Amino acid sequence: MAKKDYYEVLGLSKGASEKDIKRAYKRLAAKHHPDKNQGSKESEEKFKEITEAYDVLTDSEKKAMYDQYGHAAFEQGGAGAGGFGGFGGGGFGGFEDIFSEMFGGGFGGGGRRQRVVRGDDLRYDIEITLEEAVKGCKKDIRIHTLAECDTCHGTGAEAGSKVETCSHCHGSGRIRRQQGFFVTDAVCPSCHGTGKRIEKPCRSCHGDGRVHKAKNLSVTIPAGVDTGNQLRLSREGAAGENGAPAGDLYVVIPVKEHDIFERDGSNLYCEVPIIFTLAALGGEIEMPTLDGQLKLKFRQKLQPVNYSVLRGKGVTSPRGGYAGDLICKVVVETPVNLTEEQKALLRQFEESLEGQGKHRPKHEGFFDGVKKFFDNLGK
């Protein structure tokens, strides 16, 4: 089945900005996250799909390759975009050996050598709250991975057993045959690609040198991270084959939606409703911040929508530097569900304002303008 276009997966058109990509991912990740759709295979697959698209389109090198070649850029032998659980560590290995087969000696005279494959990169998602994202936190996680066998220490052999170079492939792990100008390449059937023959395979790992294990890790998440950010833990991925280095663990951060605040980059936004008497008379209200309540005094004559900017009460970048702002939208709330007595009081108050434009300057100015407009039409 053909893979969907990454831009289409995120509901974007080709050429979308990085900001649009992040916004689309944040919205879709929140909707399809497995924690919110437990037991739904469809949501799990959708989450994997949008995360893969996000990983490629926010990496400038991968995005450039995808824009030019499409999914073909990441197929076997290509650059590799990685998957949901393991990203793969194979790369471009094998070209030097093919040229060595054809022209004898290769580039640098390395000859055939045992295949060494770096361990797979792994991925782990940690969903955190906005408070944790802004202030930083530590999370303990448990991952399941391939680790070096404790019994044979990665050799794949029982103690005292001989480990010899495979005589069939001479340690390369591959069998290549030349037919004219064409070269065929396949995994060695004798050693199954390891490049070695073990007299007595280790009973714990059955000769692989690696075993499946659960591993506990403590992850430090820096202050200022946002949805889609990744942390790379070097050498915490799967163990490599034949003593090769382990892969890396990529911790991907989704941030939960907050009940009060919305985030855009380094700035936080919230909406604060106030009663109309406070807007008319002035007074003090409590503004929410991530550090607690902050009391602010309001002057008289607040209009229905006002903005109050609290400098430095936003988010600090993970790279350091200044903090963003908290931008509060102060909205005057119209009272509802009034009693007859309350309605009568409001009508009495309204009557007391009749003919006094100084109390309603915008109202008077607007209708004066309307009157002049129609007067001019009649001339």
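In case you wondered, yes, glycine gets a Cβ from its N, Cα and C as well.
The Zn(2+) 2 binding site feature in Swiss-Prot is assigned to Cys166, Cys169, Cys188, Cys191. Residues or ranges marked as domain 'J' in Swiss-Prot: 5-70. Residues annotated as repeat 'CXXCXGXG motif' in Swiss-Prot: 149-156, 166-173, 188-195, 202-209. Annotation comment: Swiss-Prot describes 136-214 as zinc finger.
Using DSSP to sort the residues of the repeat 'CXXCXGXG motif' (202-209) gives these counts of helix, strand and coil: 0 helix, 0 strand, 8 coil. Listed as Cβ neighbours of the repeat 'CXXCXGXG motif' (188-195) (distance under 8 Å, sequence separation of 6 or more from its ends, same chain) are residues 114-115, 156, 165-169, 171-175, 207, 241-242.
Those same-chain residues not listed among Cys166, Cys169, Cys188, Cys191 yet with C-beta within 8 angstroms of the centroid of the Zn(2+) 2 site C-beta atoms are Ser167, His168, His170, Gly171, Ser172, Gly173, Arg174, Ile175, Pro189, Ser190, His192, Gly193, Thr194, Gly195, Lys196, Arg197. Annotation for the binding-site residues Cys169, Cys188, Cys191: lowest Cβ count within 10 Å of the residue's own Cβ, Cys188.
Using DSSP to sort the residues of the repeat 'CXXCXGXG motif' (149-156) gives these counts of helix, strand and coil: 0 helix, 0 strand, 8 coil.
Following the DSSP three-state reduction, the secondary structure of Cys191 (Zn(2+) 2 binding site) is coil.
Residue counts of the zinc finger (136-214) by helix, strand and coil are 0 helix, 37 strand, 42 coil (DSSP-based).
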